[in-house]
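> Let me begin by handing over the structure; questions about it come next.
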Amino acid sequence: MKEVKIECILQAYDDFDELPTEVASLMTKASEARGKSYSPYSNFSVGAALLLDNGEIITGNNQENASYPSGLCAERTAIYYAGSQYPDAKIIRMAIIAGSNIRPTMSPIPPCGACRQAIAEYEVKQNEPIELYFMGETGKVVRSESLANLLPLLFDKSFL
Ligand code: THU
């Protein structure tokens with residue numbers, strides 16, 4: 001029997017003001033998108049913004065539904081739109097901001113497992129890392145150099 005250790009190395013910025021300008025402006029777009037979230041059931045709103053290699057910025061937010069599982073997370077709303085509109089573009093980075101509509105959210109909110117899997121699909125497809133930044137409404141901003149870094153043992157087309 002062998003033990004295998006898998007490491008995940010993240011970078012943490014103390015707050016939004018520490019972000020490089022280009023990342024800060026992408027996070028601002030994510031925040032604007034979050035403001036348009038449709039989240040009457042969870043009262044938890046999420047915004048995502050993607051920068052493509054053609055310079056386009058695609059945003060999305062969570063869209064909920066009275067039939068709960070029919071709703072969709074912000075990250076997937078954004079990435080599926082990017083994939084449908086710009087199938088040949090590569091995604092350089094994604095900024096995510098999330099928080100409760102009821103109480104302050106000061107800790108970084110990572111993308112859920114289903115969104116990680118969805119983002120992984122595009123990272124594998126483009127064969128180049130998608131850089132991720134995520135935060136709460138305020139406080140620390142976490143960076144991951146790639147999606148794969150956030151999803152060890154990811155399932156992809158090589159297994160099919
Ligand atoms: N949500 C996202 O939009 N992204 C995530 O990665 C986690 C959760 C949404 C789904 C639902 O509308 C609300 O947040 C509460 O789970």
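Glycine is no exception: its Cβ is also placed from the backbone N, Cα and C atoms.
Per TrEMBL, the features are:
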type: ACT_SITE; residues: GLU75; note: active site, proton donor
type: BINDING; residues: ASN62, GLN63, GLU64, ASN65, ALA66, SER67, TYR68; note: substrate binding site
type: BINDING; residues: CYS73, CYS112, CYS115; note: Zn(2+) binding site
type: DOMAIN; residues: 21-158; note: domain 'CMP/dCMP-type deaminase'
> Give me the DSSP three-state residue breakdown of the domain 'CMP/dCMP-type deaminase' (21-158), ordered helix, strand, coil.
48 helix, 36 strand, 54 coil
> Scan GLN63, GLU64, ASN65, TYR68, CYS73 for binding-site residues whose C-beta lands under 6 Å from an atom of ligand 1 and note them, or write none.
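Result: GLU64, CYS73.
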> Where TYR68 (substrate binding site) and CYS112 (Zn(2+) binding site) are concerned, what is their Cα separation in Å, rounded?
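Cα-Cα distance, TYR68 (substrate binding site) to CYS112 (Zn(2+) binding site): 16 Å.
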> Least buried of the binding-site residues ALA66, CYS112, CYS115, going by other Cβ atoms within 10 Å?
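Counting other Cβ atoms within 10 Å of each of the binding-site residues ALA66, CYS112, CYS115, the minimum falls on ALA66.
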> List, in sequence order, those binding-site residues among GLU64, ASN65, ALA66, SER67, CYS112 whose Cα sits within 10 Å of the Cα of GLU75 (active site, proton donor).
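The binding-site residues passing the 10 Å Cα test are CYS112.
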> Within 10 Å of each Cβ, count the other Cβ atoms, then let me know which of the binding-site residues ASN62, GLN63, ASN65, SER67 comes out lowest.
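Among the binding-site residues ASN62, GLN63, ASN65, SER67, the sparsest Cβ neighbourhood within 10 Å belongs to SER67.
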> Summarise the model's confidence over the domain 'CMP/dCMP-type deaminase' (21-158) as a mean pLDDT value.
98
> Could you measure between GLU64 (substrate binding site) and CYS112 (Zn(2+) binding site) for me? Cα positions, answer in whole angstrom.
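Here the two Cα atoms are 15 Å apart.
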> List the residues of the same chain that sit at least 6 positions away from CYS73 (Zn(2+) binding site) in sequence and have their Cβ under 8 Å from its Cβ, in sequence order, or write 'none'.
VAL46, ASN62, PRO111, CYS112, ALA114, CYS115
